[in-house]
Amino acid sequence: ETYAKALDSVDSGYVEGCCPGLTDASICPTTCPKDKVCDGSSCVYPRDCPCYRNAIRRTTGAVWKENNGCSNCICMGGEVQCVKETCEVTSCPAGQKLDFAHPDDCCAVCMEDDNSCIDESGQLHNVGDSWTSQVNTCELCSCTMQGVKCEAEPCSEVEKPICSDGQMLVTKESGCCSEYDCVCDKAMCTSTMPICDEHFSAVIVNPTDCCPIYECVCRSETCPVSPSCAFDERRERVNSDTECCGEYKCERIGCVDESGNFHEVDTTWSMTSDACQQCSCLGDRNIMCKARECADIAKPTCPGGIEPSVVFDIDGCCASYVCDFVCRGYAGSSRIHTFDGFSYARSCPCSHVLAKDSFGANFEVSVKRGYCSGSICTKSLIITDKLSNEIYELSADSKVPETTSSSFVIEIVGKVQTVTAKSSGVKVVFDQASDTWSIHVPAKFSGQTEGLCGLADSEISNDLWMGSYAVASVSSTATANSEDIGAFFNHWLATDSDVGISAGVNGEAVTSACLSDALPETGLIAGGGSSLVRSYCDQLFASSVFSPLASVVDPSEYVDTCVRAIAGLPVMKIGVAVSADWPGCSVFAAYASAAARVGKCIEWRNNDFCPYSGCGAGNVYMGCGTSIVKTCDNFKTFNGLSVTYDTEGCFCTGGKVLLDGECIEASDCPVCSDESGYGRKAGDQWYNAGEPCIVATCQPDSSVVQSQMSCPPAPLCSPNEVLAKLSDDSVCCTAYVCLPDNHESKCAGLRCPPIVRPRCAVGEQWKATPSGPLSCCLTYTCECSSDSCPTTPVPSCEEGEELEVVGTDDCCPSATCICKPDTCAPTPECFEAGYVLKVVEEGRCCVTYECMCDRDTCVATEVPSCLGGETAVVANPGECCPVYACQCDKSQCKPCIEECAAGFTRVLVSEPGACCDEYDCKCDVTQCPIAKITPCSSLAGYRLISSAKEIRAPGLPECCASEFEEICICDVASCPISTVKCASYERKYQTNPGECCPTYACECDNTQCERGEMSCSSKQHLVEKVINSCCSVTVCECDVCEPAQLCKEGWTESDTFDQCGCTIRECVPPTECVHLGETHEPGLTWMEDVCTECSCSTSPNSLGEYETTCSMIKCGTCSSGYTYVPVAGQCCGDCVQTVCHHEGKQFAPGQTWIVPDDQCTTCECMIDPISNEVYSQCSAPACAPIDPLCAPEDILSTEDGCCTYCRTRNLPETKCRPVSDFFEEMEHGGCKSAEKVNVTMCEGQCTSASVFSSEAGVFQKQCSCCSTIKTEKRTVDLVCPDLSTKVYVYEVALECACHATACGSEPVL
């Protein structure tokens, strides 16, 4: 849309598509380009549209005045904007008023006001002003047209009050109006001030009443000073609070228990009558007792699947689960971990008691040490069963001692010996290959052990136990000093020769060796060692094999033990093979075992580093084997055991089980026992001990079937032979042999070798065969006699068993059921909380498992403490692990209160939603009077004291408390002790003078402040430096560096610095002029711009610089009515006329006026639409010229008298002649002639006719016009708006004549 189309052309009457205000678009182009409109003749942008105002066309940007010059208008894009002339005077002083001096004026001026008023002080006031009279301030005056009028200030009507007895009426002046009030008539009062006792004084207790009432009140400030108590004591009053002066004593701050014992605040103790009740002193005389809180306990999983034991603490209050205590040693028993986890090291080639029961009635375990491979090693461990007084020694050599003792259970697998004392359950495990050992003591011995393994009570601090006391308190992070370790080590030296333990050559030598922590044969101190030895150990522990273990076990202990173990050996290089007997192997075995126990097991041995040897046939070494060995006793239930894979040693493979140190098939496990207690597997047959004719057979169900053996008949001999009978009590059947009948004679005197009779298997018989010289001797062999084999029933096999014939190579094979564990049903897995795998049916081969609830494995849940009427019940019945909740049981509720005494009401006091409704009798406070509150300041020291005077209305319920008269007094004894401490530069002052308890604050004491410096050197100034909140000291600081002077353009800078670091700059001038970034040679002159001429001096000034001098071309100023307008490319602009000048007056564009001395001439101030020049245009009525031939009597004047004309008559035709055209001012280009100019023209009648042409056959026109045949050029001076003059040339007609011309479109004949 165009600018014009946006206007409302219907309402404004404007032409659509044209500039605003344009009403005639007749000469506009047919269309205008986009975004342009028509201005009446051409297409322009809307912003260039002219303005049409009062029939005057003005270009955009034109300014003019309207409304008699009271409005300033401007044309902006076709829109006229006018604003009123700004008036300088807007208000007048008193006695004057704003008014117009002339009706046509735009602004009013201050003029004398004849109606103003003068007050008493001579001050003028305008009409309408009001003020308070200075003579009578209760009068309000105002200025009116009639003069000053003053009236009294109106007062509202006030009713006089009626006073009561003892009061009188008084009048109070309040401003200009009176007020009335009733006040006390002191003359009517009869009370007198009483005489009070010591420390009392009379005070008025009814300050608001008319007549005073006096009472004697305590003045505590006159009381004796109360005692000052220590910081840990309290001041306690010993006399009644109703007494005026208090009597005090000092008591310790704390609590007193039921036995009268004093306890300080924040201390805890157990009750004398109930050790499980723990009391705490929470504050002064504030005791709280409650049952000692026992930690929630969870049933642990003990190593080896052993069930933990429940033990109570020393007070018998809190229970806990305890696994068997384990003490460990390695590296030649030089490093020991006690039962409670304390670790220490001590090297000594001697013997010690490791562990024994405190009473010496159950067990004792000792150790023998010696030198091996240049280091200390464990020679043997000795366990003694005190009940039977039997000893078993676990030796470090490979020999297994033979023993027939029934006091120990001995198990040897590879290099690992395990001995368990049957009576005490104490177990000793000794790994010969690693020189590591462990002692397992049942939890029942908690707090009853002693020796190098310490006191087993789960408390590490007392592990250095010496029978009746601990030599030092230790922890897992804090060890004892070397002397304490030495004393402990020496205390448990073994000297009992009865068990073959020697303390050394002499006790002193041993003691010295133990007390010293020097390493054997080196003198190196433990924990130190040579740098090479320590570096070697560090590198091994930092290797890729062992470094992962550092995240679960701190290797520092093992590094120190490594240094200790190999300190006396040559240092090896990393990568060199390490044999199994290297003393350091024990350290790494212990390190790997410790990490395995916390869940990180590794295979660390190999053929080049501490190889493991000693595993028997059928078993192999594993670094991470099962924690429980699969044996004939547990192989069927093995899947239900808590097995971890963290044990080093020899293990069976291929599904085999361990029996007496050997790996066998599970089917070869004994199921029966013979008469001697020897185990027999299913299908085994043997002769019953003592009864050679009875054959026993082991059945799969562990039963033994006995059968009578049948003997074959005696053989028949040949005629020359005799039957010889061979008998023996060890066999059932008699053996026979046929001998020659001359046997005795032939063999007389012949000696035969000793007869060896073999032990024959079941079904076999002796067979005697003559042998030797002359066949006089006999040789015995066993020969199968199937007829003598026992007859046994074929067994019935169960699940997992298969019927097989065993002993096929024997004389009497038998059928039995063989267990095939792989065919048994798979073991289920238990996932629900609290459920564990348990055996519900154990067959001969297979075991049936079920997931059964074991609540000992549940996470301990706290049974809630229920409120009255509630009982704790299981919220999840049917589930294994119980969750408890409180359940309401109305039958458990206490009986309710049914009726209350007079003055009391029955009130429900139980909480909303409580199980039981509880009621209480509470006072009906609606019958009690509202307690009267005695006003008393809340400031410190003021307090209310109750007098002995009881205030109680008759008929009150008993539950309503009695009231006693209260008096507000100042108790200085209760004032807090001021804690305000002022600094050395402050002094104390009281902040509340006149109050009961003084309060203090600190204020500055300027006399204590230092003054500091009094003057400073050049370029420095005094600065006040704050020392504290009160004092400041003056010090000298450098002045702020003034910015270095900026060198003039083109100058060279040279900077130095003074003592304050400020820049001192020297500017060196250039050898030429530098002006606006450009250089000019000396003496050169140039034009900087069209108005500026510059020149460079020919010589430098006193500063050595060449100066540039520029001068501006001065342009003239414009006179009034003209505006200066710059002209592009010229230095000076033009003065553009903005108003019209006529006879000394100015007129805005668009204004018109009549020439004063010529009422027939009208002038208008106009703007040239092309050049925007302002000019005056005057015009007189266009009067027709009078014919010179007109008779004077025919010359008449127009009505306005401005023109004359010739009265029309029948005049002859005028000829073509010169006549006057017009006589007026000539104007051209905005410039006008200074006087009127007479211009002539040719006028008159010429002949014209229409004549028939015979040649053309039509009428042809013949025309002639009055034309100029002779002219003359004349000149006239034109005056322009800028007062310049121009010469204008014009022509006038001198002679005229009729000349032929064309008539219409016909050709001229």
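For all residues, glycine too, the Cβ spot is worked out from N, Cα and C.
All TrEMBL annotations are machine predictions without curation.
As annotated by TrEMBL, domain 'VWFC' applies to 51-111, 115-185, 253-324, 1071-1136, 1138-1207. According to TrEMBL, the feature domain 'VWFD' maps to 325-500. Residues or ranges marked as domain 'CTCK' in TrEMBL: 1216-1304. For C1216-C1266, C1231-C1280, C1242-C1296, C1246-C1298, the entry in TrEMBL reads disulfide bond.
The recorded stretches the domain 'VWFC' (1138-1207) and the domain 'CTCK' (1216-1304) share 3+ CB pairs below 8 A when only pairs 6 or more apart in sequence are counted, and are therefore in contact. The number of other CB atoms found within 10 A of the CB of C1266 (disulfide bond), across every protein chain shown, is 21.
Counted within 10 Å of its Cβ, the other Cβ atoms near C1296 (disulfide bond) come to 22, all protein chains included. Taking all protein chains in view, 21 other C-beta atoms sit within 10 angstroms of the C-beta of C1216 (disulfide bond). With helix defined as DSSP H, G or I and strand as E or B, the domain 'VWFC' (1071-1136) counts 0 helix, 28 strand, 38 coil. Proximity to C1296 (disulfide bond), defined by a C-alpha to C-alpha distance within 10 angstroms, is shown by the following disulfide-bonded residues from C1216, C1231, C1246, C1266, C1280: C1216, C1266. Most buried of the disulfide-bonded residues C1231, C1242, C1246, C1280, C1298, judged by other Cβ atoms within 10 Å, is C1242. Taking the Cα atom of each, C1266 (disulfide bond) and C1298 (disulfide bond) are about 5 angstrom apart.
Per DSSP, the secondary structure of the domain 'VWFC' (253-324) breaks down as 3 helix, 28 strand, 41 coil. C1242 (disulfide bond) is 10 Å away from C1298 (disulfide bond) when you measure Cα to Cα. Nearest Cα neighbour of C1280 (disulfide bond) among the listed disulfide-bonded residues (C1216, C1242, C1246): C1242. In this structure, the CA atom of C1246 (disulfide bond) is 7 Å away from the CA atom of C1216 (disulfide bond).
In this structure, the CA atom of C1231 (disulfide bond) is 34 Å away from the CA atom of C1216 (disulfide bond). C1242 (disulfide bond) is 7 Å away from C1216 (disulfide bond) when you measure Cα to Cα.
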